[in-house]
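Feature annotations, reproduced from Swiss-Prot:
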| type | residues | note |
| --- | --- | --- |
| TRANSMEM | 21-35 | transmembrane segment |
| BINDING | His23 | heme binding site |
Amino acid sequence: MSGSTGERSFADIITSIRYWIIHSITIPSLFIAGWLFVSTGLAYDVFGSPRPNEYFTETRQGIPLITGRFDSLEQLDEFSRSF
C-alpha cells in the first residue's frame with residue numbers, strides 16, 4: 001500500500017481548464033518559434049551548417065572526400081579554402 005505524496009494526479013491536471021488555457025498558448029507558440037527559426041535561416045547561422053544552395057558551388061561540384069592518410073591536413077586546408 002502506497003502513501004499519498006500530496007501531488008495532483010495526472011488525470012486531474014490534464015482535465016483542468018487552467019492546464020488547457022496555458023498549453024493552448026505555449027504549444028502553438030513553440031511550433032511557430034521553431035518554424036521561424038528554420039525558415040528565416042537563423043538555424044543555419046547558429047549551428048554553422050551550410051544552406052542547401054551552398055553545398056556545391058560553381059567551382060566545386062564534387063564531394064570533398066579525404067583520400068590520403070598522411071596528407072589529410074593539406075586536403076582539409078584545400079577544402080576549407082574552396083568555401
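Here the Cβ of each residue, glycine as well, is placed from N, Cα and C on the backbone.
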Exercise. Could you find out if DSSP has the residue listed as 'heme binding site' as helix, strand or coil?
Key: helix
Quiz item: Mind checking which residues reach the transmembrane segment (21-35)? Cβ under 8 Å, same chain, six or more beyond either end.
Solution: none
Quiz prompt | Surrounding CB atoms that lie within 10 Å of the CB of His23 (heme binding site), all protein chains | solution = 11
